[in-house]
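> Quick paste from Swiss-Prot:
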type     : residues : note
REPEAT   : 38-71    : repeat 'WD 1'
REPEAT   : 78-119   : repeat 'WD 2'
REPEAT   : 139-175  : repeat 'WD 3'
REPEAT   : 239-271  : repeat 'WD 5'
REPEAT   : 289-331  : repeat 'WD 6'
REPEAT   : 339-373  : repeat 'WD 7'
REPEAT   : 395-473  : repeat 'WD 8'
REPEAT   : 517-592  : repeat 'WD 9'
REPEAT   : 601-662  : repeat 'WD 10'
MOD_RES  : SER662   : phosphoserine
REGION   : 667-688  : region 'Disordered'
COMPBIAS : 667-677  : compositional bias 'Basic residues'
COMPBIAS : 679-688  : compositional bias 'Polar residues'
REPEAT   : 791-843  : repeat 'WD 12'
REPEAT   : 848-901  : repeat 'WD 13'
REPEAT   : 915-938  : repeat 'WD 14'
MOD_RES  : THR957   : phosphothreonine
MOD_RES  : SER964   : phosphoserine
REGION   : 980-1002 : region 'Disordered'
MOD_RES  : SER982   : phosphoserine
MOD_RES  : SER989   : phosphoserine
Amino acid sequence: MMKFRFRRQGADPQREKLKQELFAFHKTVEHGFPNQPSALAFDPELRIMAIGTRSGAVKIYGAPGVEFTGLHRDAATVTQMHFLPGQGRLLTLLDDSSLHLWEIIHHNGCAHLEEGLSFHPPSRPSFDNASFPASLTRVTVVLLVAGNTAALGTESGSIFFLDVATLALLEGQTLSPDVVLRSVPDDYRCGKALGPVESLQGHLQDPSKILIGYSRGLLVIWSQATQSVDNVFLGNQQLESLCWGRDGSSIISSHSDGSYAIWSTDTGSPPTLQPTVVTTPYGPFPCKAINKILWRSCESGDHFIIFSGGMPRASYGDRHCVSVLRAETLVTLDFTSRVIDFFTVHSTQPEDECDNPQALAVLLEEELVVLDLQTPGWPAVPAPYLAPLHSSAITCSAHVANVPSKLWARIVSAGEQQSPQPASSALSWPITGGRNLAQEPSQRGLLLTGHEDGTVRFWDASGVALRPLYKLSTAGLFQTDCEHADSLAQAVEDDWPPFRKVGCFDPYSDDPRLGIQKVALCKYTAQMVVAGTAGQVLVLELSEVPAEHAVSVANVDLLQDREGFTWKGHERLNPHTGLLPWPAGFQPRMLIQCLPPAAVTAVTLHAEWSLVAFGTSHGFGLFDYQRKSPVLARCTLHPNDSLAMEGPLSRVKSLKKSLRQSFRRIRKSRVSGKKRTPAASSKLQEANAQLAEQTCPHDLEMTPVQRRIEPRSADDSLSGVVRCLYFADTFLRDATHHGPTMWAGTNSGSVFAYALEVPAATAGGEKRPEQAVEAVLGKEVQLMHRAPVVAIAVLDGRGRPLPEPYEASRDLAQAPDMQGGHAVLIASEEQFKVFTLPKVSAKTKFKLTAHEGCRVRKVALATFASVMSEDYAETCLACLTNLGDVHVFSVPGLRPQVHYSCIRKEDISGIASCVFTRHGQGFYLISPSEFERFSLSARNITEPLCSLDISWPQNATQPRLQESPKLSQANGTRDIILAPESCEGSPSSAHSKRADTMEPPEAALSPVSIDSAASGDTMLDTTGDVTVEYVKDFLG
């Protein structure tokens, strides 16, 4: 009879087709600011901008929603980028001196980015050095000449010319240093070489003229038409940057000593010895180099000179600055990260006599800042995307789906009132190229990020562009050193140079205890809970007007006067007392301080009951914020949990203590191994396990592979950490009466279920009566394998998760089935289990042990709608493991549906930061400043759908592009993988930078729909299983 236990069911074609309509894996878009940017380019005709990174990624941005992403085949730093104006083509230079041509290609009405041709220098071993000049070893600068030719300046001083269409060298047009030296006086040569080519600049009116700057300081105007030198300027300072004047009658050069010089080009053929103007803006003391300089003319005659660097070396050599000089006005823009590059948005039409710059865009290492140059004061222009998510380090995140329009409008209004500027920019976002073809999102989604500085930021996550909406700061409630730091900063700004702080990236936190650990938002009442590192739990409410009021404070002792424990960690944050001013937005109403002040590890809010639950490494508490009184405090510490009392900053175990504990474990395991006598049930389990091994041959692959889960010791460190909290209206006392309950899961596999007595609200009233809430311990479940409990959810009689507070009462969701039997889904790090209620007897389980060492990290219930029918959807359990795999299971049957590889298992921070949404999407950090967005749903996908009006004929390169393999997008974006069965027998898709291919499915996939009669829940199978739960019933 045992052979039938392992018989594999045949695949049901109907179910497989349905799964393909429900599930599909997509990495769709990367939100945030590119990590480690290294190059910048702007196309003034198409109004698009490109950013290159050290990892070889290329990202092109236009209007909000217009994004293109690519990744070089060779992981090298992008050092320079140049658009071919109006053509949708981009030429990139990498640090290995290779050139790559990117093209925006339209397919089926939508545009995407493709890497076309590439050019590699002869130093690469795969090329024949004899066919290339020996001096073409390292390319230092690139200039596009007349749109179809590229000039390559090299380290040897030679300049080569390349045909852009084929990326082939043009024979007979190389400009060697010897040719240039013939036009230089003998006394200037002094037997020295000109040095590397430092800068190449094209003449706007006459493209055949090229301004060449050599590192030693020599400037030359070369005529490509006559193949001769028109002008020579004998500079003596080491050159850094060059720029033409608008009319070509003058040029400006910047140098390594912090000076810049203006040269006149109307002097004729004799070499020019002296510039017309030489100045050191921040002299006379030694200054750092001016790395880049721009000269922009205006009709008013007051021209702009914009440059980076040049600061006094001794006093401000560590500042990251861009200076803007116009007439007598000088502003030193002071940034908190290194300046990569900058450009101006100005008129480039040949018939215009002046540049008339509109905006200045500065790319920094950690953010992008755009300034309005037409408005007095040059204010910053709010960015609709590329906002630095990591302006302060992200510590937690959460997603809120289907945000009501009223709440959305109130949050947007609060954000608009938040930072009014005295000189508000009248300029709209200047990078407006392309058209967004995506439909307007049917529902609004909020992404909440908690940060190290005590702020919570609200982001519009409804579409491709992640737009900042509002910032909540909790630091104002507590006594910190913020005020002192602000006064010091103000004192510095009054000195010379005239510094002006620009940008929002601030990597420093005034107090690490302000860090946000957990957030929860009720979208129907606009109430919010924010919990921090020092045990602070804030209850906030959204207000549309500024207010001044005091914040109530309550302490909750989670240790309950337990003896033998002494907190050795950080102190609590001291709140301000009395009336405090609060701006429009979320304003704190209640501060709950956990004692000891350990970091909050779990929090949940039930606005309909006016209850908030919170947990730390010491226990959990329940608080009634309507009556401002605690309801419950439970200590979960094990007697050996001494590590929980040390705090995050003092967890350094001594060598003596470590050795002592190790020997104790060894001794305990030996003693327990000798003295333990196996019980009858364990003998039966061992016999069943041996019989199972004998029944199936070893070479036959058993699927699913489920290893034996070993029970953990009860004295494991930090076993009392509360991992999850959950409110539910369900059956806990008996099968006929349901009521409010609260559930808590810990690191040691314990689950506590409390029956709550919450006074019912009057008919038509929103708030409940002012009566005390009571909590009675109803059940206590101990998972015998003692794996940490990751999530808890109650399922109604139809096997669906219970609606959120107010959803059912306001007819915003289908009312739960309170007639049939409820069940509770408990997800631990090693297995999922469904228990019937109220008896808490095991009903269904799945041990996620397909790989040794696999642990559950994130779990969420999500609704997957069919791509073929709007009326059909299934609720499933989405799970992310420590191996970076995403699994989807049916609910409540826990049958595996699909399995994808999503995140590299080495990316620990990415796995820890993952957040699932209610509709089958997810976010995770691929860098400190970027979220990768992915979708598990075949229907609900958020990806760039855009087009670009380009003048270059694309059809000529289509055959060549189809012959070369398509390159994956950066970090694996926009790759589509369907359900496992649909991929069998088909060519494998391109591998991306982060693995996004799907592993083979498990053999025991459910062959039928979970709604059909044949898909009844599998009975609990304890073959070879040691995970028999111990349940205490305190209400029986």
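Keep in mind that glycine also has a Cβ here, set from the backbone N, Cα and C atoms.
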> Which of 78-119, 239-271, 289-331, 848-901 shares the most C-beta pairs under 8 angstroms with the repeat 'WD 8' (395-473)?
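Counting Cβ pairs under 8 Å, the winner is 78-119.
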> Counting CB pairs under 8 Å, which listed stretch among 78-119, 339-373, 791-843, 848-901 touches the repeat 'WD 9' (517-592) the most?
791-843
> Determine which recorded stretch among 38-71, 139-175, 239-271, 339-373 has the most C-beta pairs below 8 angstroms with the repeat 'WD 2' (78-119).
38-71
> Roughly where does the repeat 'WD 7' (339-373) sit in mean pLDDT, to the nearest integer?
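Result for the repeat 'WD 7' (339-373): average pLDDT 93.
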> May I have the DSSP-based helix, strand and coil counts for the residues of the repeat 'WD 14' (915-938)?
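The counts are 0 helix, 17 strand, 7 coil.
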